[in-house]
There are 4 protein chains.
Amino acid sequence: MTYEVKSLNEECGVFGIWGHPQAAQVTYFGLHSLQHRGQEGAGILSNDGGRLNRYRDTGLLAEVFKNPSDLEKLTGSAAIGHVRYATAGTASINNIQPFHFEFADMEFGLAHNGNLINAVSLKAELERNGAIFSSSSDTEILAHLIRRSHNPSLMGKIKEALSTVKGGFAYILMLEDKMIAALDPNGFRPLSIGQMANGAWVVSSETCAFEVVGAKWVRDVRPGEIVIIDDSGVHYDSYTDDTQLAICSMEYVYFARPDSVIHGVNVHAARKKMGRRLAQEFQHEADIVVGVPNSSLSAASGFSEESGLPNEMGLIKNQYTQRTFIQPTQELREQGVRMKLSAVSSIVKGKRVVMVDDSIVRGTTSRRIVQLLREAGAAEVHVAIGSPELKYPCFYGIDIQNRRELISANHTVDEVCEIIGADSLTYLSLEGMIEAIGIDTDAPNGGLCVAYFDGKFPTPLYDYEEEYIRSLEEKTSFYIDNVKKG
Amino acid sequence: MTYEVKSLNEECGVFGIWGHPQAAQVTYFGLHSLQHRGQEGAGILSNDGGRLNRYRDTGLLAEVFKNPSDLEKLTGSAAIGHVRYATAGTASINNIQPFHFEFADMEFGLAHNGNLINAVSLKAELERNGAIFSSSSDTEILAHLIRRSHNPSLMGKIKEALSTVKGGFAYILMLEDKMIAALDPNGFRPLSIGQMANGAWVVSSETCAFEVVGAKWVRDVRPGEIVIIDDSGVHYDSYTDDTQLAICSMEYVYFARPDSVIHGVNVHAARKKMGRRLAQEFQHEADIVVGVPNSSLSAASGFSEESGLPNEMGLIKNQYTQRTFIQPTQELREQGVRMKLSAVSSIVKGKRVVMVDDSIVRGTTSRRIVQLLREAGAAEVHVAIGSPELKYPCFYGIDIQNRRELISANHTVDEVCEIIGADSLTYLSLEGMIEAIGIDTDAPNGGLCVAYFDGKFPTPLYDYEEEYIRSLEEKTSFYIDNVKKG
Amino acid sequence: MTYEVKSLNEECGVFGIWGHPQAAQVTYFGLHSLQHRGQEGAGILSNDGGRLNRYRDTGLLAEVFKNPSDLEKLTGSAAIGHVRYATAGTASINNIQPFHFEFADMEFGLAHNGNLINAVSLKAELERNGAIFSSSSDTEILAHLIRRSHNPSLMGKIKEALSTVKGGFAYILMLEDKMIAALDPNGFRPLSIGQMANGAWVVSSETCAFEVVGAKWVRDVRPGEIVIIDDSGVHYDSYTDDTQLAICSMEYVYFARPDSVIHGVNVHAARKKMGRRLAQEFQHEADIVVGVPNSSLSAASGFSEESGLPNEMGLIKNQYTQRTFIQPTQELREQGVRMKLSAVSSIVKGKRVVMVDDSIVRGTTSRRIVQLLREAGAAEVHVAIGSPELKYPCFYGIDIQNRRELISANHTVDEVCEIIGADSLTYLSLEGMIEAIGIDTDAPNGGLCVAYFDGKFPTPLYDYEEEYIRSLEEKTSFYIDNVKKG
Amino acid sequence: MTYEVKSLNEECGVFGIWGHPQAAQVTYFGLHSLQHRGQEGAGILSNDGGRLNRYRDTGLLAEVFKNPSDLEKLTGSAAIGHVRYATAGTASINNIQPFHFEFADMEFGLAHNGNLINAVSLKAELERNGAIFSSSSDTEILAHLIRRSHNPSLMGKIKEALSTVKGGFAYILMLEDKMIAALDPNGFRPLSIGQMANGAWVVSSETCAFEVVGAKWVRDVRPGEIVIIDDSGVHYDSYTDDTQLAICSMEYVYFARPDSVIHGVNVHAARKKMGRRLAQEFQHEADIVVGVPNSSLSAASGFSEESGLPNEMGLIKNQYTQRTFIQPTQELREQGVRMKLSAVSSIVKGKRVVMVDDSIVRGTTSRRIVQLLREAGAAEVHVAIGSPELKYPCFYGIDIQNRRELISANHTVDEVCEIIGADSLTYLSLEGMIEAIGIDTDAPNGGLCVAYFDGKFPTPLYDYEEEYIRSLEEKTSFYIDNVKKG
């Protein structure tokens, strides 16, 4: 049995609002600030007095809503929205969220960020009992569980469904008379509650959306929590007590926007601290620090301040890199690489450069950047990575490459250093990263999920269990086909 | 008489290549790195053994060539390309370059960066003699002058035409058997020559394109020069000896990419020096430096190093700001502003911030950024601008707002400071800017055009003369309608 | 309770093929000849060795498959296709067929022409048992019934499902190893079997598709029949013996293409006979016969031959009438009407014209054509209709307007004559129509469904029963909201 | 020297209006009724108080104006429009009309139906004097001639230009304060004047447009005439007295809509008379008459009435034949042919069929239709053509195939009969055609141009002279490359 889970794994962004006359428009602006979490597709579902309307399509938010009338039709004072991560080949509109489920007796909308780890077995069991799925997304499972629950109350059905799915999830449901947000028992994915000046409640994957729509942060949704928002206000409930915070550490390292605050920690500040700590652990002589734009600029800044080395703009990112349809021919391939990033010769020439990056996945990009710096005249290139070695896949919502592709799953630090052509290679230690982020010193791993670094998954692996065990036995051949970044 | 010159003024990018089997593809990559110089439209014209083919359209380069076959049809070993600045309302495909002129006896292509100052009178005279223009661009004028010249040789006709047009221009012509680059007698616009490993010659508005296509810089085109490139190599000639370098200082301040080198000066380095000098001239107490991304990050870095104040990422630019079709309603307008830029509260809260920006045009953007910083908790906001006060329009190719809109043409520094809501406002001195850029200490203004700052234009103003004189008389009411940024 | 059945009623076309290397392309050509049966959307699902692929979209077939690669991806030696009737407003891609149902253990495709009359109650019951529908089409019901059947064999499940749905249906199912065609117990909709020269089996709503793809007619599918086609050939089975042919008479009157043959009767020939019979029943003096193009030209030809009056081209149809997005302003509305049809003054001037049309629904079109003829100079306009008065809605797959809109449900022949401004109005008698079509003289109504004319529906009305009874009580106010033509 | 005149030859439609508040919308409806004259592109230019605005694009009218706002922007009380014939490969928007010429001192619009025969030499001479052409259309020549004329008055310049161009032309010019229509000295192309109820004047290639917009025919424009329409009314003038009516006979045979009236003769009536005369000249036994839809239905009707043979609908044209992007594979090519036309077996089986068509160009289509009829069971197929043998090209605006492709230029009637597989082949005699159309019995050829039939061109051939003489010498090898139908 091969696991074709390619379209199940996804990093996405969700947003919801209750109580604003331009609910869909506010959602549009909220999603715009979450665009970095997903570029494959986007959608908004609005609630106009209990009647739900939805519009969705593939592409960036601005492409999906290029016709303003498509947004204007989404009338009503409540709405939820979703941006979806780009995975190659399966850009079917069927998988674009929010989903909209309609029945003779009710209707509801559903948006989901995360990845279930018992999706395959749940789906198989549901199908054996007559269920028909209309997408290849695991998000639909929750809807089937809700509709098939024998619990007499709708809230009871929803809690029962939430207790049945396993893995990482941040859900927003739009019912006819209320909006519901729910988080998995480990809080793998971020989800925050805010409030606008007019009293409207908003829910968002990241707090950066609150800035954009003019809302104030109220509090983060907690593991195992279910938040009910209706015209009477916000109510916090839970569907389980068996919780333990293990927020994805990669949100701090790479995914989230630097101006977001997750569990009380500003992402830029965390990255800067990781850069400072990395500088402490770094043991080489150098002249300047160069961050790989844009995600590593914060870490480079911290590294520079701690080390005293000047922080220079030795690498320039072209602002117009999104989606070109022209592929360089074989002869021009090396040039094509330089479309995204250029090294500034007048800065790096003759210098011993510390190149700060957030992570190394397959190593190919790092190798090219090292080469760019050398061609621009760098005397030495010391690579410093603001996180530990990536050795294990993630099952809770990030689409880390399968182990066969993870360079650190198959090579030692020295080997990687040689492969990428660097003069030295330094990873931030796991302890260093946990301390630098510093959410909660009392919790295991400081409240973080660090399984991609140490292989210790905070939950059973359900459908992935067998593969994982196999992977321990034959390390480098560990292979989950088609697990894409997401 | 009103001057409707809206589509004549343009800041653009040009690229040309001679002697490469994938000439059009190389041009595509070259233009990609010049995309920041123009986003309204793009085009490429190729030369296949003397037969020219062209494809152009409105939009970003990647949108214009979204169908790879459109590029594949541009066969041949030579090509020229153009990216055009976005001016509102006149996005007619007729104005997208390169132009392609076909005759029974010959054909040629033409790409132009700059603005002529005798275009109105030349066009009127040509029309009086039967000429028909097919676009509202002033670029077409050169073609009419060439075709109507009575000089017996084609090179003679071209030189005669180049001597007739006045103002700022960097032209690339593609003839059947050669490619020609030419610069105005003041060299207002940048233009450089490079060479690829296979011997192919390239010409580009900025050297950043050389990095992308793997070419080495050879030398910059000089004022009044005409460069002929054919299968026998490159030949430098001139059409006038009455030259004086006056390269546009705004290229260093704002337009050019930081990794480009213009007349021997790296743009990032120049900006950093402007930031250093600005720090020397700055006379206030502060805690941190925050650059306005992306164009002011170099200056902020220089300011930080010179002042010793930490350089912090207090403003975050959303990467996905290009063209949204959804306009915020009146109630959401303030939120809409934040789609592009966010202030990071955890960084600026309680701090006295030096906000470094490259220039102030109308003041509205500055006022909003100051407000963002204050709302995020900044204790004080001191605005430091890496260039002098913008008081005069440009007639050579930058689309600076007309004087009625230029805030510094109508207000003192203290008034501007109050309007934008800053605690203090410091502009870099003109001397400081000239010294910081430092091209050529012997030339007037160090080889720079600084007319937008001091009103001393390096050439007669021709069609604009009357307006300019009027402007000296009634300063604040100086008004050239529709002179757009470009 | 209002019946919002707008997207349930549909007149469509289906096509299937088994055993041809270019199965999808043959299906494309087959559907092309069925385009008159549906212009809202189209789709093709192919079977490549048991793996199904599907492409569908809104619009005409040629618009859906404007990118040839979308068709080329539909590999395999079997395929089914569908063209969908245009109903305003609900052009959601979700309702475009064929449907493609995927499960962990199997997959199948489904295309449907017709309308179920117990869809509302079946859907409600399925939803009560946890079913989730992904479209508003009633076609999906069959899939749920199949998946939920407890019959041990797949064929048993399918027969059970076919026995559960009521109304008019011609289904084609594509399973992994066979293709299945099935018809309702009254055979309301046409469906024929053919064979290509290479032995491939084809199934089509109309035989005109056989001409286009080069297939020979084998036989029509019979009421209550289930036809199984696989690599071993074609097998005829049935899921019920309680059958009685009642093929929709409007197929002969209006829908089907004149070159199709249904139950042994050529459509053009039937229309011509209806025209002859109409001429016999017509009792006025006239000079010329003018058919309303294109559907009434056959009837006009028959009328002319029987009456001896010359058949003239007094009305010209513009060939380019499809979809204009420009709506005439109030002042130009009368002109806009003439975009589709023009009267030829030199033909009708001074003549007593018999205007032959196939049917009158709301009367507005007839009134305008009469007016056109009068403005062109016709001395008298006698309207002759090739079918009886349309008084009742259809529940089996044609989207006849609701009773409130049917002019003949609310007005006598004399009243209608006055409303449309004719000098006389003659309808073909019911007996005349039945005899002219002449399928089977022994069957009730000669094997035809004529319920729209006499209100005697061949089946119970299930979900529509209550409304129908109510309609008998208060005749003119009978109202099923949103029952569109289809 | 090869003549690449492919984009010069065009059959098109023009429309103009002066004095209506919705001038552009009326023009849209007028052009819609002229769509059969050109499907490559369309455009409208409006005049709002002396300011001209234009919108044009490739495609059908409804595609060009699919965004209603593009039409709404064309404000003003006067407008001209154009539909352009589809020629393969050169669908550049540059050639789509009306052209819009803008100068500092004036602007004007220009629409053209026809073909100049001294275009190549005029264009060469203009270019030698510095003219730059922006399209490959010969229409632009008139604008250059007007602008270069030394005549002191604008009307004088226009008359001088009209006297300089030679060949076939119907022009409509939109000036700032008037609209001008002009016809060549032979009146090769039709052009009529009408008036709307509100007094607005309209000009159209065909009178069918008057029906659509609710205008009454006033009179046809005469050879050599120039019609000036402004707020004071309509004024008839002429630029030459050397005129002789020679209206294109193919307008009656094939191009024009049957409801149009040209020089007093209704097109449908003319075709019917041609059919009657053809029946008189036909000398074979037969059972039924079948016209090839749609253009030959009138002729078939006349043939039937004269011969007494029944007129049957033995060939059905698919209404949805416009532009499919899917090309049949080699194996399916024969099927693909049947997408457009089907034979009705129940009508033709066992019958001796007279297949009436309007003309034979290359013979390939005729051969396929004969084959369709035979496969449907026709006992004999006698082909009767409603015009004489097409032996010579047209230089005045129809794009008849070059002589190498014209089957009758290279084969006798008997040979053609054999090639197309008919049992007999009858062409209408030239005398028969001239008498049947019957415009003016006193004029040469009854006022018709019949040069494609007899090779006697009514004018010198100018740029084509040499080729034509050569063609007389080596008849079958006469070859003008790329002269497309148009």
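Every residue, even glycine, has its Cβ placed from backbone N, Cα and C.
Note: TrEMBL annotation is automatic and uncurated.
Sequence annotations record features per position, and here TrEMBL assigns domain 'Glutamine amidotransferase type-2' to A:12-232. Per-residue pLDDT, averaged across the domain 'Glutamine amidotransferase type-2' (A:12-232), gives 94.
Using a 10 Å radius centred on the Cβ of A:Cys12 (active site, nucleophile) and all shown protein chains, the other Cβ atoms total 26. Annotation comment: TrEMBL describes A:Cys12 as active site, nucleophile.
When Cβ atoms from all protein chains are considered, those within 10 Å of A:Asp358 (Mg(2+) binding site) total 23, not counting its own. Feature annotation from TrEMBL assigns Mg(2+) binding site to A:Ser295, A:Asp357, A:Asp358.
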Between A:Cys12 (active site, nucleophile) and A:Ser295 (Mg(2+) binding site): CA-CA distance (Å):
18
In which DSSP state, out of helix, strand and coil, do we find A:Asp357 (Mg(2+) binding site)?
strand
Under 8 Å by Cβ from A:Asp357 (Mg(2+) binding site), counting only residues of that chain that are 6 or more apart:
A:Gly291, A:Val292, A:Ser296, A:Ser366, A:Ile369, A:Val383, A:Ala384, A:Ile385, A:Gly386
Taking only the Cα atoms, work out how far A:Asp358 (Mg(2+) binding site) lies from A:Cys12 (active site, nucleophile), in Å, as a whole number.
20
Suppose the Mg(2+) site is A:Ser295, A:Asp357, A:Asp358. Which further residues of the same chain have a Cβ inside 8 angstroms of that site's Cβ centroid?
A:Val253, A:Tyr254, A:Gly291, A:Val292, A:Ser296, A:Ala299, A:Val356, A:Ser359, A:Ile385, A:Gly386
Quick one: give me the count of other CB atoms within 10 A of the CB of A:Ser295 (Mg(2+) binding site).
20
